[in-house]
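Participant: For reference, Swiss-Prot lists these features for the protein:
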- GLU198: active site, proton acceptor (ACT_SITE)
- LYS240: active site, schiff-base intermediate with dihydroxyacetone-P (ACT_SITE)
- ARG66, LYS157: substrate binding site (BINDING)
Amino acid sequence: MSKRVEVLLTQLPAYNRLKTPYEAELIETAKKMTAPGKGLLAADESTGSCSKRFAGIGLSNTAEHRRQYRALMLECEGFEQYISGVILHDETVYQKAKTGETFPQYLRRRGVVPGIKTDCGLEPLVEGAKGEQMTAGLDGYIKRAKKYYAMGCRFCKWRNVYKIQNGTVSEAVVRFNAETLARYAILSQLCGLVPIVEPEVMIDGTHDIETCQRVSQHVWSEVVSALHRHGVVWEGCLLKPNMVVPGAESGLKGHAEQVAEYTVKTLARVIPPALPGVTFLSGGLSEVMASEYLNAMNNCPLPRPWKLTFSYARALQSSAIKRWGGKESGVEAGRRAFMHRAKMNSLAQLGKYNRADDDKDSQSLYVAGNTY
């Protein structure tokens, strides 16, 4: 082979499947995380996000109060029948349950997969349109991922956001974020962590559902292309996308069957069947709407080769934190509220949710420009 041909070959994308000693474990973990009737609890709120939630119940934002808040749900008896995995914040990985075990150790003993948010938050993307953001955290990533694996975590999550402005997002943010998500995914798999890839087309804006569908399809297809280029092990990877809905400031409301059709149709156009599961974010939907939409998707008469389940934060926790109120006397009421929401979403994952069995109120949990 001539040197010229050799040089040209080195410039071609490899498209080779990643070689990792953890492949079998990754696939088994992803399968466990997408078990029928189960989903994920996102308990990875930052210190700043906890401050906002605690302000609503008059609770000071201390490390111990944050531990009690996480323990409210993680130590809830029987929650493992509805929750397959929990996304933890870095602080929580080191904190201890009532048994004296670290939370990852405690969760694993109960048959729940512990995970970790590994991104380092949003930063301005200078190449993009005004207000567009990238996600920091790839520097020193392998060292951090190995540390979390050693502490018992078996999956991770990384969030990139896309804000629709004037009916679109810039090509700069689409390509930059896709590359970031793909690099994060393969580095995670090299270290034994199942990557949850979260390309969130945000609910902020005045756009209609058709615009959300068009932008989501473009964003997800670029992410999939980047994952292919980097050789991700699809069977050991999960996707955490937005649902395809109208903008929160549009005055439009998508009914459950419409949201289900648009979302499943968009996924089917771009997501490989080899991916074991799609774990939706709730993105500011009310607790009830998040359950209704998921249930409709699991009853949608369109091809669905992946498990469709939940990876909710506010849509699982909001009622619980209000009933808890930061008081020991409110723990049982808070846990009942949490278990109710976990059960409703478990039923929605199975396509057996009934609105009549749920709470009467359905208040939006939308927060403009929400960060975690």
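Each Cβ is built from the backbone N, Cα and C atoms, and glycine gets one as well.
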Participant: Which secondary structure state does DSSP assign to ARG66 (substrate binding site), in the simple three-class scheme?
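Facilitator: Where ARG66 (substrate binding site) sits, the three-state DSSP reduction gives helix.
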Participant: Which ones are near LYS240 (active site, schiff-base intermediate with dihydroxyacetone-P): of the recorded positions ARG66, LYS157, GLU198, which have a Cα within 10 Å?
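Facilitator: So far as Cα distances go, the recorded positions lying within 10 Å of LYS240 (active site, schiff-base intermediate with dihydroxyacetone-P) are LYS157, GLU198.
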Participant: Rounded to the nearest Å, what's the C-alpha distance separating LYS157 (substrate binding site) and GLU198 (active site, proton acceptor)? Just drop the number here, would you?
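Facilitator: Just about 7 Å between their Cα atoms.
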Participant: What is the interatomic distance between the Cα atoms of GLU198 (active site, proton acceptor) and ARG66 (substrate binding site), given in whole Å?
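Facilitator: Their Cα atoms are separated by 24 Å.
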Participant: Find, among the recorded positions listed as ARG66, LYS157, LYS240, the one whose Cβ has the highest number of other Cβ atoms within 10 Å in the structure shown.
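Facilitator: Of the recorded positions ARG66, LYS157, LYS240, the highest Cβ count within 10 Å belongs to LYS157.
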Participant: Secondary structure at LYS240 (active site, schiff-base intermediate with dihydroxyacetone-P) (DSSP, helix/strand/coil)?
Facilitator: coil
